[in-house]
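**Student:** The structure follows.
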Amino acid sequence: MKSTKTTNTNKKDPMGLTPSQIVNELNRFIVGQEKAKKAVAIALRNRGRRKRVEGNLRNEIVPKNILMIGSTGVGKTEIARRLAKLTNSPFYKIEATKFTEVGYVGRDVESIIRDLVEIAVNTQKTIAKTEVDINAREKAIERVLESLVGKTSSSKTREKFQEKILSGELDDTEIEISVADTAPVGGGSFEIPGMPGASMGVLNLGDMIGRAFGTTKTKTKKMLVKEAMSIILSEESEKLIDQEKIIQQAINLVENDGIVFIDEIDKIASVANSGAKNSEISREGVQKDLLPLIEGTTVNTKYGPVKTDHILFIASGAFHIAKPSDLLPELQGRLPIRVELNSLTKEDMIKILLEPETSLIKQYSALIGTEKVELEFTNSAIEKIADYATTVNLEIEDIGARRLHTILENLLEDISFRASEMQGEKISIDDKFVENQLSKILTNLDLAKFVL
(Lines of atoms letter the chains of each structure in order from A and count residues from 1; the text may use other names and numbers.)
(Lines give C-alpha, C1' and ligand atoms only; values in the text may rest on other atoms or scores of the structure.)
Protein backbone atom coordinates (compact mmCIF):
# COMPACT_ATOMS: atom_id res chain seq x y z
CA MET A 1 0.00 0.00 0.00
CA LYS A 2 1.40 3.39 -1.03
CA SER A 3 1.86 5.99 1.66
CA THR A 4 0.13 9.34 1.32
CA LYS A 5 2.44 12.10 0.05
CA THR A 6 3.17 14.96 2.40
CA THR A 7 5.03 18.21 2.06
CA ASN A 8 8.02 19.18 4.19
CA THR A 9 7.45 20.21 7.78
CA ASN A 10 8.37 23.78 8.61
CA LYS A 11 9.97 23.67 12.04
CA LYS A 12 9.35 27.38 12.60
CA ASP A 13 5.63 26.94 12.00
CA PRO A 14 3.72 26.41 15.30
CA MET A 15 1.69 23.78 13.44
CA GLY A 16 4.93 21.81 13.17
CA LEU A 17 5.18 21.33 16.94
CA THR A 18 5.07 17.72 18.07
CA PRO A 19 2.39 16.66 20.58
CA SER A 20 4.99 16.42 23.36
CA GLN A 21 6.24 19.94 22.55
CA ILE A 22 2.67 21.27 22.64
CA VAL A 23 2.09 19.62 26.04
CA ASN A 24 5.36 21.13 27.32
CA GLU A 25 4.20 24.57 26.19
CA LEU A 26 0.87 24.11 27.96
CA ASN A 27 2.70 22.91 31.10
CA ARG A 28 4.29 26.36 31.35
CA PHE A 29 0.90 27.82 32.27
CA ILE A 30 -1.40 24.98 33.34
CA VAL A 31 -0.95 22.45 36.13
CA GLY A 32 -1.92 18.79 35.63
CA GLN A 33 -4.78 17.62 33.38
CA GLU A 34 -2.41 15.56 31.23
CA LYS A 35 -5.21 13.71 29.40
CA ALA A 36 -6.83 16.93 28.20
CA LYS A 37 -3.48 18.41 27.17
CA LYS A 38 -2.62 15.25 25.24
CA ALA A 39 -6.01 15.30 23.46
CA VAL A 40 -5.68 18.91 22.26
CA ALA A 41 -2.02 18.34 21.35
CA ILE A 42 -2.96 15.43 19.09
CA ALA A 43 -5.83 17.45 17.57
CA LEU A 44 -3.46 20.32 16.81
CA ARG A 45 -0.78 18.04 15.37
CA ASN A 46 -3.38 16.36 13.16
CA ARG A 47 -4.38 19.79 11.88
CA GLY A 48 -0.77 20.35 10.83
CA ARG A 49 -0.57 16.88 9.32
CA ARG A 50 -3.71 17.50 7.25
CA LYS A 51 -2.15 20.62 5.73
CA ARG A 52 0.76 18.53 4.48
CA VAL A 53 -1.43 15.88 2.87
CA GLU A 54 -1.71 16.36 -0.89
CA GLY A 55 -4.63 15.87 -3.22
CA ASN A 56 -8.34 15.46 -2.58
CA LEU A 57 -7.73 13.42 0.56
CA ARG A 58 -6.81 16.62 2.43
CA ASN A 59 -10.37 17.92 2.22
CA GLU A 60 -11.75 14.62 3.50
CA ILE A 61 -9.72 14.74 6.72
CA VAL A 62 -11.78 16.59 9.31
CA PRO A 63 -10.80 17.51 12.88
CA LYS A 64 -11.80 15.19 15.70
CA ASN A 65 -13.76 17.55 17.93
CA ILE A 66 -13.31 17.29 21.69
CA LEU A 67 -15.69 17.09 24.67
CA MET A 68 -14.06 18.12 27.97
CA ILE A 69 -15.80 16.96 31.13
CA GLY A 70 -14.90 18.57 34.43
CA SER A 71 -15.90 21.01 37.17
CA THR A 72 -15.47 24.75 36.81
CA GLY A 73 -11.99 26.11 37.41
CA VAL A 74 -10.03 22.95 36.55
CA GLY A 75 -8.48 24.35 33.36
CA LYS A 76 -10.87 23.54 30.49
CA THR A 77 -11.07 27.04 29.04
CA GLU A 78 -7.43 27.84 29.80
CA ILE A 79 -6.19 24.80 27.87
CA ALA A 80 -8.18 25.82 24.78
CA ARG A 81 -7.21 29.50 25.10
CA ARG A 82 -3.50 28.74 25.51
CA LEU A 83 -3.65 26.33 22.57
CA ALA A 84 -5.07 29.07 20.34
CA LYS A 85 -2.48 31.56 21.57
CA LEU A 86 0.32 29.08 20.93
CA THR A 87 -0.66 28.79 17.26
CA ASN A 88 -2.04 32.33 16.74
CA SER A 89 -5.34 30.70 15.76
CA PRO A 90 -8.61 32.67 15.69
CA PHE A 91 -10.30 31.72 18.97
CA TYR A 92 -13.84 32.31 20.16
CA LYS A 93 -15.45 31.22 23.41
CA ILE A 94 -19.20 31.14 23.91
CA GLU A 95 -21.54 29.65 26.53
CA ALA A 96 -24.10 27.26 25.08
CA THR A 97 -26.68 28.79 27.46
CA LYS A 98 -26.51 32.08 25.53
CA PHE A 99 -28.70 30.43 22.93
CA THR A 100 -31.39 29.43 25.42
CA GLU A 101 -31.51 32.45 27.72
CA VAL A 102 -33.03 34.64 25.02
CA GLY A 103 -34.63 31.84 23.00
CA TYR A 104 -32.00 31.66 20.28
CA VAL A 105 -32.69 28.92 17.73
CA GLY A 106 -31.85 28.28 14.10
CA ARG A 107 -29.57 30.64 12.26
CA ASP A 108 -28.58 32.61 15.38
CA VAL A 109 -26.17 29.83 16.33
CA GLU A 110 -24.25 30.83 13.21
CA SER A 111 -23.33 34.08 14.99
CA ILE A 112 -20.50 32.02 16.51
CA ILE A 113 -18.81 31.87 13.11
CA ARG A 114 -19.61 35.49 12.25
CA ASP A 115 -18.00 36.62 15.51
CA LEU A 116 -14.99 34.35 14.90
CA VAL A 117 -14.48 35.89 11.45
CA GLU A 118 -14.78 39.39 12.92
CA ILE A 119 -12.02 38.55 15.42
CA ALA A 120 -9.80 37.17 12.63
CA VAL A 121 -10.36 40.22 10.39
CA ASN A 122 -9.50 42.63 13.22
CA THR A 123 -6.36 40.63 14.07
CA GLN A 124 -5.19 40.59 10.45
CA LYS A 125 -5.96 44.29 10.13
CA THR A 126 -3.85 45.06 13.22
CA ILE A 127 -0.93 43.08 11.76
CA ALA A 128 -1.27 44.84 8.40
CA LYS A 129 -1.42 48.27 10.06
CA THR A 130 1.80 47.50 11.94
CA GLU A 131 3.51 46.74 8.62
CA VAL A 132 2.49 50.10 7.09
CA ASP A 133 2.91 52.10 10.30
CA ILE A 134 5.99 54.09 9.18
CA ASN A 135 4.44 55.24 5.89
CA ALA A 136 1.08 55.96 7.55
CA ARG A 137 2.77 57.99 10.29
CA GLU A 138 4.64 60.09 7.73
CA LYS A 139 1.40 60.85 5.89
CA ALA A 140 -0.38 61.66 9.17
CA ILE A 141 2.38 64.11 10.16
CA GLU A 142 2.12 65.78 6.73
CA ARG A 143 -1.62 66.33 7.15
CA VAL A 144 -1.21 67.75 10.66
CA LEU A 145 1.61 70.01 9.42
CA GLU A 146 -0.65 71.41 6.71
CA SER A 147 -3.22 72.34 9.37
CA LEU A 148 -0.56 73.94 11.55
CA VAL A 149 1.58 75.89 9.05
CA GLY A 150 -0.24 75.59 5.70
CA LYS A 151 0.83 74.07 2.39
CA THR A 152 3.01 77.00 1.30
CA SER A 153 5.25 77.18 4.40
CA SER A 154 9.03 76.82 4.00
CA SER A 155 10.78 73.49 4.50
CA LYS A 156 12.64 74.97 7.48
CA THR A 157 9.37 75.88 9.20
CA ARG A 158 7.91 72.47 8.44
CA GLU A 159 10.98 70.70 9.87
CA LYS A 160 10.78 72.78 13.04
CA PHE A 161 7.09 71.97 13.60
CA GLN A 162 7.61 68.33 12.66
CA GLU A 163 10.15 68.00 15.47
CA LYS A 164 7.65 69.55 17.87
CA ILE A 165 4.95 67.09 16.77
CA LEU A 166 7.30 64.13 17.24
CA SER A 167 8.46 65.34 20.66
CA GLY A 168 4.86 65.80 21.85
CA GLU A 169 5.36 69.51 22.44
CA LEU A 170 2.25 70.35 20.40
CA ASP A 171 0.02 67.57 21.77
CA ASP A 172 -2.33 70.01 23.51
CA THR A 173 -2.47 72.50 20.63
CA GLU A 174 -5.90 72.78 19.01
CA ILE A 175 -6.08 72.58 15.22
CA GLU A 176 -8.81 72.48 12.58
CA ILE A 177 -8.44 69.48 10.30
CA SER A 178 -10.43 67.49 7.76
CA VAL A 179 -11.09 63.87 8.80
CA ALA A 180 -13.34 61.07 7.55
CA ASP A 181 -16.96 61.50 8.59
CA THR A 182 -17.83 58.43 10.65
CA ALA A 183 -21.35 59.55 11.64
CA PRO A 184 -23.90 56.81 10.84
CA VAL A 185 -26.36 57.61 8.08
CA GLY A 186 -29.90 56.55 8.99
CA GLY A 187 -28.62 54.18 11.67
CA GLY A 188 -29.40 50.54 12.20
CA SER A 189 -28.74 47.64 9.89
CA PHE A 190 -30.68 45.44 7.53
CA GLU A 191 -30.74 41.79 6.57
CA ILE A 192 -29.29 40.88 3.18
CA PRO A 193 -31.91 38.90 1.22
CA GLY A 194 -30.91 35.27 0.71
CA MET A 195 -28.15 35.51 3.31
CA PRO A 196 -29.65 34.63 6.71
CA GLY A 197 -27.81 36.25 9.56
CA ALA A 198 -25.57 38.40 7.37
CA SER A 199 -26.56 41.95 8.27
CA MET A 200 -25.06 45.08 6.79
CA GLY A 201 -25.15 48.52 8.35
CA VAL A 202 -26.06 51.54 6.23
CA LEU A 203 -22.70 53.09 7.05
CA ASN A 204 -20.88 49.98 5.82
CA LEU A 205 -22.76 50.13 2.52
CA GLY A 206 -21.93 53.81 2.08
CA ASP A 207 -18.31 53.11 2.91
CA MET A 208 -18.17 50.37 0.27
CA ILE A 209 -19.64 52.67 -2.39
CA GLY A 210 -17.15 55.36 -1.41
CA ARG A 211 -14.26 52.94 -1.78
CA ALA A 212 -15.53 51.80 -5.18
CA PHE A 213 -15.46 55.38 -6.51
CA GLY A 214 -12.31 56.36 -4.61
CA THR A 215 -14.12 58.94 -2.49
CA THR A 216 -14.72 59.25 1.23
CA LYS A 217 -16.99 61.77 2.92
CA THR A 218 -14.98 64.14 5.11
CA LYS A 219 -15.76 66.66 7.81
CA THR A 220 -13.70 69.52 9.24
CA LYS A 221 -13.30 69.29 13.01
CA LYS A 222 -11.48 71.08 15.79
CA MET A 223 -9.30 68.80 17.92
CA LEU A 224 -5.98 68.56 19.73
CA VAL A 225 -2.88 67.54 17.77
CA LYS A 226 -2.54 64.37 19.83
CA GLU A 227 -6.10 63.33 19.01
CA ALA A 228 -5.71 64.30 15.34
CA MET A 229 -2.54 62.20 14.98
CA SER A 230 -4.33 59.14 16.34
CA ILE A 231 -7.37 59.53 14.05
CA ILE A 232 -5.38 60.37 10.92
CA LEU A 233 -2.85 57.59 11.53
CA SER A 234 -5.74 55.13 11.56
CA GLU A 235 -7.20 56.69 8.38
CA GLU A 236 -3.90 56.57 6.51
CA SER A 237 -3.27 52.99 7.62
CA GLU A 238 -6.69 52.00 6.27
CA LYS A 239 -5.77 53.53 2.90
CA LEU A 240 -2.45 51.68 2.69
CA ILE A 241 -3.62 48.20 3.59
CA ASP A 242 -5.25 45.81 1.13
CA GLN A 243 -8.70 45.25 2.64
CA GLU A 244 -9.60 42.44 0.24
CA LYS A 245 -6.38 40.58 1.00
CA ILE A 246 -6.96 40.95 4.75
CA ILE A 247 -10.48 39.53 4.47
CA GLN A 248 -9.29 36.55 2.42
CA GLN A 249 -6.46 35.86 4.88
CA ALA A 250 -8.88 36.07 7.80
CA ILE A 251 -11.41 33.71 6.21
CA ASN A 252 -8.64 31.25 5.32
CA LEU A 253 -7.37 31.35 8.92
CA VAL A 254 -10.84 30.77 10.33
CA GLU A 255 -11.57 27.90 7.95
CA ASN A 256 -8.27 26.08 8.55
CA ASP A 257 -7.04 27.19 11.98
CA GLY A 258 -10.13 28.45 13.83
CA ILE A 259 -10.92 27.13 17.30
CA VAL A 260 -14.40 27.45 18.84
CA PHE A 261 -14.83 26.71 22.55
CA ILE A 262 -18.45 26.01 23.55
CA ASP A 263 -18.73 26.07 27.33
CA GLU A 264 -21.61 24.81 29.52
CA ILE A 265 -22.78 22.39 26.85
CA ASP A 266 -24.17 20.20 29.65
CA LYS A 267 -26.76 22.94 30.31
CA ILE A 268 -28.43 22.29 26.94
CA ALA A 269 -28.55 18.51 27.42
CA SER A 270 -32.06 17.07 27.71
CA VAL A 271 -32.26 15.38 31.11
CA ALA A 272 -34.71 12.48 31.24
CA ASN A 273 -37.73 12.92 33.56
CA SER A 274 -36.94 16.57 34.23
CA GLY A 275 -40.60 17.52 33.71
CA ALA A 276 -39.88 20.85 31.96
CA LYS A 277 -41.13 20.13 28.43
CA ASN A 278 -40.78 23.64 26.98
CA SER A 279 -37.19 24.06 28.12
CA GLU A 280 -36.39 20.54 26.87
CA ILE A 281 -37.64 21.52 23.41
CA SER A 282 -35.56 24.71 23.51
CA ARG A 283 -32.41 22.84 24.57
CA GLU A 284 -32.87 20.14 21.97
CA GLY A 285 -33.43 22.84 19.35
CA VAL A 286 -30.09 24.46 20.16
CA GLN A 287 -28.35 21.08 19.93
CA LYS A 288 -29.92 20.48 16.51
CA ASP A 289 -28.80 23.93 15.37
CA LEU A 290 -25.23 23.20 16.46
CA LEU A 291 -25.09 19.92 14.53
CA PRO A 292 -24.48 21.30 10.99
CA LEU A 293 -22.09 23.91 12.36
CA ILE A 294 -19.88 21.27 14.00
CA GLU A 295 -20.27 18.71 11.20
CA GLY A 296 -19.40 21.23 8.51
CA THR A 297 -21.51 23.81 6.72
CA THR A 298 -21.17 27.17 4.98
CA VAL A 299 -22.06 30.26 6.99
CA ASN A 300 -22.77 33.54 5.23
CA THR A 301 -21.03 36.52 6.82
CA LYS A 302 -20.69 40.14 5.75
CA TYR A 303 -17.16 39.25 4.59
CA GLY A 304 -18.32 36.33 2.47
CA PRO A 305 -19.16 32.63 2.89
CA VAL A 306 -17.15 30.68 5.49
CA LYS A 307 -16.85 26.89 5.60
CA THR A 308 -16.79 25.29 9.06
CA ASP A 309 -15.61 21.81 7.95
CA HIS A 310 -12.10 22.19 9.38
CA ILE A 311 -12.75 24.42 12.39
CA LEU A 312 -11.85 22.65 15.65
CA PHE A 313 -14.76 22.63 18.10
CA ILE A 314 -14.04 22.02 21.78
CA ALA A 315 -17.14 21.63 23.95
CA SER A 316 -17.03 21.49 27.72
CA GLY A 317 -19.28 21.05 30.71
CA ALA A 318 -19.34 20.00 34.35
CA PHE A 319 -22.07 17.37 33.76
CA HIS A 320 -23.08 17.32 37.44
CA ILE A 321 -26.76 16.74 36.63
CA ALA A 322 -26.83 15.80 32.97
CA LYS A 323 -24.56 13.14 31.48
CA PRO A 324 -22.77 13.25 28.13
CA SER A 325 -25.20 10.53 27.01
CA ASP A 326 -28.07 13.04 27.54
CA LEU A 327 -26.84 15.02 24.54
CA LEU A 328 -28.40 14.15 21.18
CA PRO A 329 -26.74 11.03 19.76
CA GLU A 330 -25.88 12.98 16.59
CA LEU A 331 -24.10 15.65 18.64
CA GLN A 332 -22.25 13.03 20.67
CA GLY A 333 -21.02 11.57 17.39
CA ARG A 334 -19.62 14.93 16.35
CA LEU A 335 -17.60 15.16 19.59
CA PRO A 336 -15.75 11.83 19.35
CA ILE A 337 -12.86 12.59 21.71
CA ARG A 338 -13.86 12.71 25.38
CA VAL A 339 -11.51 13.69 28.16
CA GLU A 340 -12.31 13.96 31.84
CA LEU A 341 -10.51 16.62 33.84
CA ASN A 342 -9.77 15.86 37.47
CA SER A 343 -10.87 17.99 40.41
CA LEU A 344 -7.97 19.87 41.94
CA THR A 345 -6.24 18.47 45.03
CA LYS A 346 -4.29 20.39 47.66
CA GLU A 347 -1.06 19.45 45.88
CA ASP A 348 -2.47 20.83 42.61
CA MET A 349 -3.36 24.09 44.37
CA ILE A 350 0.21 24.43 45.67
CA LYS A 351 1.58 23.89 42.16
CA ILE A 352 -0.89 26.42 40.68
CA LEU A 353 0.29 29.02 43.20
CA LEU A 354 3.97 28.47 42.42
CA GLU A 355 4.81 26.69 39.17
CA PRO A 356 3.21 28.42 36.13
CA GLU A 357 5.19 31.24 34.51
CA THR A 358 2.32 33.57 35.33
CA SER A 359 1.40 32.04 38.70
CA LEU A 360 -0.87 33.92 41.09
CA ILE A 361 1.93 34.46 43.61
CA LYS A 362 4.10 36.04 40.89
CA GLN A 363 1.17 38.21 39.78
CA TYR A 364 0.39 39.54 43.26
CA SER A 365 4.09 40.06 44.07
CA ALA A 366 4.51 42.04 40.83
CA LEU A 367 1.42 44.18 41.54
CA ILE A 368 2.51 45.08 45.06
CA GLY A 369 6.08 45.47 43.79
CA THR A 370 5.02 48.44 41.67
CA GLU A 371 4.55 50.29 44.99
CA LYS A 372 8.18 49.40 45.89
CA VAL A 373 6.97 46.90 48.47
CA GLU A 374 8.52 43.43 48.46
CA LEU A 375 6.08 40.60 49.08
CA GLU A 376 7.46 37.24 50.18
CA PHE A 377 5.44 34.05 50.71
CA THR A 378 6.88 31.26 52.85
CA ASN A 379 6.32 27.61 51.94
CA SER A 380 4.12 27.20 55.02
CA ALA A 381 1.93 30.10 53.84
CA ILE A 382 1.54 28.58 50.38
CA GLU A 383 0.54 25.26 51.92
CA LYS A 384 -1.98 26.96 54.21
CA ILE A 385 -3.57 28.90 51.34
CA ALA A 386 -3.87 25.70 49.28
CA ASP A 387 -5.34 23.90 52.28
CA TYR A 388 -7.98 26.59 52.83
CA ALA A 389 -8.87 26.67 49.10
CA THR A 390 -9.34 22.90 49.02
CA THR A 391 -11.43 22.93 52.21
CA VAL A 392 -13.80 25.65 50.98
CA ASN A 393 -14.18 23.88 47.62
CA LEU A 394 -15.12 20.66 49.38
CA GLU A 395 -17.48 22.14 51.97
CA ILE A 396 -19.23 24.91 50.02
CA GLU A 397 -18.88 24.60 46.24
CA ASP A 398 -16.09 23.38 44.01
CA ILE A 399 -14.98 26.24 41.76
CA GLY A 400 -11.49 24.87 41.26
CA ALA A 401 -8.51 27.20 40.97
CA ARG A 402 -10.80 30.25 40.94
CA ARG A 403 -11.09 29.78 44.71
CA LEU A 404 -7.45 30.85 45.03
CA HIS A 405 -8.31 34.27 43.58
CA THR A 406 -10.97 34.99 46.23
CA ILE A 407 -8.76 33.71 49.05
CA LEU A 408 -5.73 35.76 47.97
CA GLU A 409 -7.85 38.88 47.53
CA ASN A 410 -9.14 38.55 51.11
CA LEU A 411 -5.68 37.64 52.41
CA LEU A 412 -3.94 40.64 50.85
CA GLU A 413 -6.76 43.19 51.12
CA ASP A 414 -5.12 45.33 53.84
CA ILE A 415 -1.70 45.17 52.20
CA SER A 416 -3.15 46.18 48.82
CA PHE A 417 -4.98 49.09 50.46
CA ARG A 418 -1.94 50.41 52.36
CA ALA A 419 0.86 49.47 49.92
CA SER A 420 1.34 53.05 48.70
CA GLU A 421 2.19 54.07 52.28
CA MET A 422 4.64 51.18 52.80
CA GLN A 423 7.32 51.95 50.21
CA GLY A 424 10.65 50.25 50.85
CA GLU A 425 9.18 47.64 53.20
CA LYS A 426 9.50 43.87 52.90
CA ILE A 427 6.43 41.91 53.97
CA SER A 428 6.69 38.23 54.78
CA ILE A 429 3.50 36.17 54.48
CA ASP A 430 3.73 33.05 56.66
CA ASP A 431 1.20 30.45 57.83
CA LYS A 432 0.38 32.47 60.97
CA PHE A 433 -0.43 35.55 58.87
CA VAL A 434 -2.71 33.44 56.65
CA GLU A 435 -4.44 31.92 59.66
CA ASN A 436 -4.98 35.29 61.35
CA GLN A 437 -6.51 36.76 58.20
CA LEU A 438 -8.73 33.86 57.17
CA SER A 439 -9.48 31.60 60.15
CA LYS A 440 -12.47 33.68 61.37
CA ILE A 441 -14.11 33.49 57.96
CA LEU A 442 -13.45 29.78 57.54
CA THR A 443 -14.87 28.84 60.94
CA ASN A 444 -18.17 30.45 59.90
CA LEU A 445 -19.25 28.58 56.76
CA ASP A 446 -22.30 30.81 56.26
CA LEU A 447 -19.99 33.82 56.10
CA ALA A 448 -17.50 31.97 53.91
CA LYS A 449 -20.25 31.39 51.34
CA PHE A 450 -20.46 35.15 50.78
CA VAL A 451 -16.81 36.13 51.30
CA LEU A 452 -14.84 33.24 49.79
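Residue 1 is the first one shown; counting continues down the chain.
Just so it is clear, glycine is given a Cβ too, placed from its N, Cα and C backbone atoms.
Got these off Swiss-Prot a minute ago, pasting:
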{"type": "BINDING", "residues": "V31, G73, V74, G75, K76, T77, E78, D263, E330, R402", "note": "ATP binding site"}
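Map these features onto the structure and tell me what's around them.
**Tutor:** Cβ neighbours within 10 Å of E330 (ATP binding site), excluding its own Cβ and spanning all shown chains: 13.
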**Student:** Give the three-state DSSP assignment (helix, strand or coil) for V31 (ATP binding site).
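**Tutor:** Its secondary structure by DSSP: coil.
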**Student:** Go through V31, V74, our binding-site residues, and report the one whose Cβ sees the most other Cβ atoms within 10 Å.
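**Tutor:** Going through V31, V74 one by one, the largest Cβ count within 10 Å is at V74.
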**Student:** How many Å separate the two farthest-apart Cα atoms among the ATP-binding residues V31, G73, V74, G75, K76, T77, E78, D263, E330, R402?
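**Tutor:** Overall maximum Cα spacing for these binding residues reaches 33 Å.
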**Student:** For E78 (ATP binding site), write down the residues of its own chain that are at least 6 apart in sequence and whose Cβ falls under 8 Å from its Cβ; none is a fine answer.
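**Tutor:** Long-range Cβ contacts: F29, I30.
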**Student:** Quick one: give me the count of other CB atoms within 10 A of the CB of K76 (ATP binding site).
**Tutor:** 26
**Student:** Let me know the DSSP-derived helix, strand or coil state of V74 (ATP binding site), please.
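**Tutor:** Assignment for V74 (ATP binding site) reads coil.
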